[in-house]
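Structure, as structure tokens:
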Amino acid sequence: ILYEQPSYRGHQYYLWKGEYPDFQRWMGFNDSIRSCRMSPYHQGQYKMRIYERGDFQGQNMEFFEDCPNTYDRFRFRDIHSCNVFDGNWMFYEEPNYRGRQYYLRPGEYRRYSDWGASSARIGSFRRVHHLV
């Protein structure tokens with residue numbers, strides 16, 4: 001996982017297996033990388049519950065699989081809070097795994113700022129798998 005700022009802050013980018021000759025290939029906003037870390041290996045189930053409002057309020061849904069388009073799936077674009085029970089997940093600001101990325105580990109995220117976002121808009125999300 002690459003971060004634009006020191007101490008794992010700023011825009012984050014998860015690089016899947018492959019080649020990235022320039023920052024635009026990983027959909028970066030610029031070529032500045034100030035910190036990075038490996039994502040932990042996960043083997044087993046994936047489970048996450050998302051909520052339409054903060055503090056785990058409002059309509060919610062559980063997911064075990066990837067979702068390429070949140071609006072098509074459940075008719076809202078904003079995710080205000082979530083619980084990640086199992087596995088590591090990546091939120092994307094736009095559908096089809098595009099735009100700003102937010103890496104989520106197991107834990108509680110009471111508001112979108114807890115995963116580093118400046119807005120609640122999430123267009124897609126997927127499980128983080130390690131390719132061997």
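Just so you know, glycine gets a Cβ as well, placed from its N, Cα and C.
Checked against Swiss-Prot, the range among 16-20, 41-45, 71-75, 111-115 recorded as region 'Connecting peptide' is 41-45. Taking Cβ pairs closer than 8 Å, the region 'Connecting peptide' (41-45) reaches residues 64, 86-88, 128, 130 in its own chain, all 6 or more past its ends.
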